[in-house]
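This report concerns only the one structure given below.
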Amino acid sequence: MLELQGLTRRFGAVTAVNDVRLSIPDGQMVGVIGRSGAGKSTLLRMINRLTEPSEGRIIHDGQDITALRGAALRRWRTDCAMIFQQFNLVQRLDVLTNVLVGRLNHRPGFMGTLTSLLCLFTAEERALAIQALDRFDLADTALQRADTLSGGQQQRVAICRALMQEPKFILADEPIASLDPRNARTVMEALRQVNREDGITVLTNLHHLDTARHYCDRIVAMQAGRVMFDGPPAALTGEKVREIYGVSEDEFDEQAEEAVKPKVQRAPKAGLAIA
Amino acid sequence: MALAQPTPDQIAALRARYPRAFGATPRTRAIRAVAGAAALGWLVFLFWWFDITPQRLWNGLSGLGVIVTLMIPPSPGEQWVEILKGIAESIAMAFLGTLFAAIIAVPLGFMGANNVVTNTLAHFSLRRIFDGFRGVDQLIWALAYVRAVGLGPLAGVLAIATADIAVLAKLYAEAIENAEKRQAEGIDAVGGNRLLRTRFGLLPQVLPVMVAQALYFLESNTRSAAILGVVGAGGIGLQIAERIKVRYWDEVAFIIILMIAAVALIDTLSSRIRRRLIGDREGIAKR
């Protein structure tokens with residue numbers, strides 16, 4: 001059981017997340033929806049403390065997560081794996097190594113760090129990584145560089161990396177916002193699969209109401225940092241959406257779509273290194 | 001959530017299916033071993049060839065220690081006006097040399113970029129000419145110019161400019177080749193000619209990169225301008241060399257401290273200008 005008690009985060013004068021109270025039982029798949037700037041990402045990032053809360057507490061099975069430091073905090077981060085919108089794989093490393101990275105905090109002590117630095121993973125760990133990749137039909141790409149993969153494949157590699165952490169939670173921050181519909185489906189199905197088969201609690205930010213309804217057991221709708229709705233998908237009717245956001249569901253989806261679209265990328269400029 | 005540990009049988013099966021995922025093949029390993037041994041052998045040979053022994057290194061270190069003690073406290077000596085003049089001359093040489101190089105390198109850079117000059121032969125030969133010029137060090141140019149135009153700062157300025165033109169032109173050409181095509185295509189679609197396409201489609205993209213690189217070179221040239229004086233090409237170098245000859249190490253230390261301060265000052269100024277010109281916009285500043 002994960003409990004968020006009055007979680008608040010301010011950035012200067014802006015309150016991104018305002019007094020959020022949620023309790024999430026183990027094994028649930030929770031979709032967090034809301035417009036851009038509603039505080040979804042900040043909420044997720046506070047759970048693994050990539051962003052520090054300004055106020056409030058996070059309690060997991062009686063342990064105060066907000067008080068963790070050092071090794072205990074890193075242990076917690078291992079327990080709640082994160083999936084990012086832009087995948088955050090190391091592009092120049094091969095897929096296998098990217099997945100093995102998920103084991104880093106499972107390799108204790110000086111020798112663990114030393115062998116990790118030298119990329120000396122055991123045969124068991126390598127087999128584990130290939131099995132994880134195989135689960136999502138990616139084993140054949142194990143030796144390719146991560147940047148040779150499509151977005152959907154990269155996101156599934158990121159899920160494999162997450163699984164290697166043996167997490168209790170997966171925090172997915174707009175996992176499908178950068179993907180086309182077909183790849184989005186495979187990634188959402190992969191997330192649901194690890195939720196159902198492995199019993200991992202999944203918290204995911206989504207910008208599409210239909211996706212959230214289709215895949216999640218529970219939907220949390222946020223607006224201006226506050227939780228405006230918390231309940232089963234069936235209870236989030238079109239009327240409810242209009243009540244919270246003042247727009248119809250189609251308009252909401254459209255606006256959210258606009259907001260998460262990656263900005264137009266500029267061409268890479270040449271480096272400044274001196275020859 | 002604990003993952004099921006794979007059994008030895010499963011590991012063996014996976015190893016059979018994806019042998020390379022479990023480490024290098026025997027062939028690669030053999031090649032690596034041979035390459036490693038060769039590199040080690042080459043290293044040992046070099047140590048033997050240059051007679052590098054712990055004994056000689058130790059003696060050298062203690063010799064250096066003596067010099068350092070002689071440097072303390074640093075002293076301006078009696079000719080401190082000369083020293084200041086020399087430093088000013090070095091900085092001015094670096095500035096003039098870099099300025100000339102940076103200006104001349106701009107058109108050369110555009111000519112050397114394969115998205116501006118599309119003729120492969122022209123592009124290839126120009127790039128090889130750049131490579132040729134880059135193969136000759138500043139100091140060699142300085143020696144040549146001292147014979148050609150006589151002792152003094154002019155030789156140094158010419159040496160810095162000549163040596164840097166080719167390097168900057170190559171860097172500029174590469175920056176231009178990495179520029180985004182679509183922006184230039186926009187100018188093509190307007191009906192602009194080749195020259196206008198370069199002026200409006202490419203130059204705005206690469207100009208900040210060019211200025212930033214020129215500023216790096218200015219800073220680096222301030223340091224190398226000190227060396228050029230040793231061969232008579234003007235600047236502070238001559239004064240350092242003379243003082244080392246007569247073992248006035250305290251005055252040498254004074255000059256070195258002044259030089260470090262000058263380079264640090266130029267570095268600060270140029271990084272401020274760079275930030276001003278380029279801004280913290282995406283792309284350049286982060287790379």
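Using N, Cα and C of the backbone, Cβ positions are placed for all residues, glycine too.
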Listed range which TrEMBL flags as transmembrane segment, given the options B:134-151, B:152-169, B:224-241: B:224-241
For the transmembrane segment (B:86-110): best-contacting stretch of B:56-74, B:200-218, B:224-241, B:248-266, by Cβ pairs under 8 Å: B:224-241
Same-chain residue ranges lying at least 6 outside the transmembrane segment (B:248-266) that approach it to Cβ under 8 Å: 67, 70-77, 80, 83-84, 86-87, 90-91, 218-219, 222-223, 226, 236, 239-240
Sequence-remote partners of the transmembrane segment (B:224-241) [C-beta within less than 8 Å, at least six residues beyond its ends]: 79, 82-83, 86-87, 89-91, 93-94, 97, 138-139, 142-143, 145-146, 151-157, 159-160, 252, 255-256, 259
